[in-house]
Amino acid sequence: MRERQVTLMMRVTSVLALLYFAVFTVPYAIFCFLSFPFLNAHRRYWVAAGWCKVTVGVLRRLNGIDYRVEGRENLPDGPAVLLVKHQSAWETIALPALMPKPLCFVFKRELVYVPFFGWALGMLKMIKIDRKQGNAAFASVLRQGRARLADRSWVIMFPEGTRIPVGQQGKYKSGGTRFAVGAEAPIVPIAHNAGHVWPRHAWIKYPGLVTVSIGKPIPTAGRSIDEVNREVEAWIETEMRRLDPNAYDGPYVPDAKGSAPRRARTRAAGDSGAGA
């Protein structure tokens, strides 16, 4: 495995990025918390998304993390469920800044108790899960998600559930697909290579170009959850190998059960020892 060199300038700019998050995020969260009672749901979202836009700009100018988007024409006008590869914190910040419609994230209810950030987050129309409810939790997600789709938002989920190291693949859980089938909404698969510039569990940020690739909508009407989930996985993992061929052993090949192997060769900063 080849490690990426960490220069003094990368360390300096990464520390400055941490200072930015510490100094700017709390006041912005307080501003959101104080202003949200006077704004409707859509205006609240775009005020919060303003932080994302500023942060993407700061990361570009300070840390040299630029981006390009392929496949914008594939974004539908109507309801959609976005299922996204998860490698980094970058995509969770950048996608609200890049998408033309409000995004509704699905997250653990406990996050709303985080001071300032969580309080502001709790005032947005996101989907909060109480995992202690078991099967009832999905019914709640479906009910809330349908309401958000009807309100012209897109629901976004990460099917692997957690950030995956560059060059590897997690198990594609069926929750997002199950929701899309239940809501009769198309799925927009999204792949990207952000793990190279901001690896998981890392404070070092590397300069580079993130390519965000948006696939054509995958229909769900009249189809089984397993069938759709396999198609989502196949598109994302095939596209990942196109975007980042040196990180994988070869082309995507599903196993006999229809899911891909869990691991692949890793030649990236995600495991370079720069993690926090």
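Counting starts with 1 at the first residue shown.
Including glycine, each Cβ sits where the backbone N, Cα and C put it.
Those TrEMBL annotations? Automatic predictions, nothing curated.
Taken from TrEMBL, the feature transmembrane segment covers 12-36.
DSSP states for the domain 'Phospholipid/glycerol acyltransferase' (80-195), grouped as helix (H, G, I), strand (E, B) and coil, give 50 helix, 23 strand, 43 coil. What TrEMBL lists as domain 'Phospholipid/glycerol acyltransferase' is 80-195.
If you look up TrEMBL, you'll see 247-276 marked as region 'Disordered'.
Model confidence over the domain 'Phospholipid/glycerol acyltransferase' (80-195) is summarised by a mean pLDDT of 92.
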